[in-house]
Amino acid sequence: MAKRDYYEVLGVAKNAGDDEIKKAYRKLAMKYHPDRNPDNKDAEEHFKEVKEAYEMLSDGQKRAAYDQYGHAGVDPNMGGAGAQGFGGFADAFGDIFGDIFGQAAGGAARGGRGGPQVYRGADLRYSMEITLEQAAHGYDTQIRVPSWVSCEVCHGSGAKPGTKPETCPTCHGQGTVRMSQGFFSIQQTCPKCHGTGTYIPEPCVHCHGSGKVKETKTLEVKIPAGIDDGMRIRSAGNGEPGINGGPPGDLYVEIHIKPHSVFERDGDDLHCQMPIPFTTAALGGEIEVPTLAGRASFPVPEGTQSGKTFRLRGKGIKGLRSSIAGDLYVHVQVETPVKLTDNQRDLLKQFEKSLAEGGARHSPQSKSWFDRVKSFFE
């Protein structure tokens, strides 16, 4: 049976780049992998076909020969470039699944074949509590973070001074071993050296063979103005160190904003509850309110009711990605006086009597409410 065109097998154009070819291979290899399709001969054949196409098109020399001469250019029986056979499934997935699943398939998150596996260090998380004012204006601070550093006794080798790590006898320094089971040959992380390619016969007593010890380091952290609760700041390279020369992880500083005694934040806007005397609500006047930038005042019209909201533009918080500050919403609460003197009581009674003489025009909300109640019972 004639072989299908390699580009057709992978579903890519003839001018496809290396990244596009690799992406297509990943997708198809995962789809037809025998582990996902047990006892499925068609899937097995598709998998072999996809693997062969990728082996040819991912190699610059073979691809050039194939583009010029077709299958004859890469068929060893035709004197061309020659295929290298299929080998085990581990070869097909050593790079692909290693990129997708990290250590789960082949042991290494990064790194090439034939040597100790290289691992990126783990990320660290640090929770930090700040005030609303600090979140609004931003500030620089220092944090103390527990972290791993190279052991000073063994200089990071993990071996007792005077000794040194030795090549792992199980994997012979490769960091991986092949496990054969029937039709499959699977590459796994070496169980003795855990992918390092070496083992330590006499561990350092200070670091117990890890080559690193824990200590607290001080880091500078810049809190940007406008940061919100739950946001994270990334400090690149300040996570745990990598293994076998792998890159370090990152530190993520998670921000939590303390509850404020006056303001509640809603995005870039602020809200506050403002009690005002009933006389100010009735007669109107100027009231003063706090803001994060100081004090501000605004007029309250006469006849203001409790629960009325006033909007002060630009008195909120300037967001991280905005040059315009949010607004401050002031919710006024009309305060009823308490602990009245006899004279004050008499004055209020006279005032109440004068309101009754004026009819419903002094209390429009009360009239509206009583009218609704009356219609409800009718």
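For all residues, glycine too, the Cβ spot is worked out from N, Cα and C.
Just so it is clear, the model here is predicted, and its values are computed rather than measured.
Now, the feature entries from Swiss-Prot:
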DOMAIN    5-70  domain 'J'
ZN_FING   138-216  zinc finger
BINDING   Cys151, Cys154, Cys204, Cys207  Zn(2+) 1 binding site
REPEAT    151-158  repeat 'CXXCXGXG motif'
REPEAT    168-175  repeat 'CXXCXGXG motif'
BINDING   Cys168, Cys171, Cys190, Cys193  Zn(2+) 2 binding site
REPEAT    190-197  repeat 'CXXCXGXG motif'
REPEAT    204-211  repeat 'CXXCXGXG motif'
Fill in: Around the Cβ of Cys171 (Zn(2+) 2 binding site), the count of other Cβ atoms that are within 10 Å
24
Worksheet item: Tell me, by DSSP, whether Cys204 (Zn(2+) 1 binding site) is helix, strand or coil?
Response: coil
Worksheet item: Thinking of Cβ pairs under 8 Å, which stretch from 151-158, 168-175, 190-197 has the most of them with the repeat 'CXXCXGXG motif' (204-211)?
Response: 151-158
Worksheet entry | Count of other CB atoms lying within 10 Å of the CB belonging to Cys154 (Zn(2+) 1 binding site) | 26
Response to the item:
The number of other Cβ atoms within 10 Å of the Cβ of Cys151 (Zn(2+) 1 binding site), counted over all protein chains shown, is 19
Worksheet item: Expressed to the nearest Å, what is the distance separating Cys154 (Zn(2+) 1 binding site) and Cys168 (Zn(2+) 2 binding site) at their Cα atoms?
Response: 19
Practice prompt. Tell me, roughly as an integer, the mean pLDDT over the domain 'J' (5-70).
Written response: 85
Worksheet item: Rounded to a whole number, how many Å is the Cα of Cys193 (Zn(2+) 2 binding site) away from the Cα of Cys207 (Zn(2+) 1 binding site)?
Response: 17
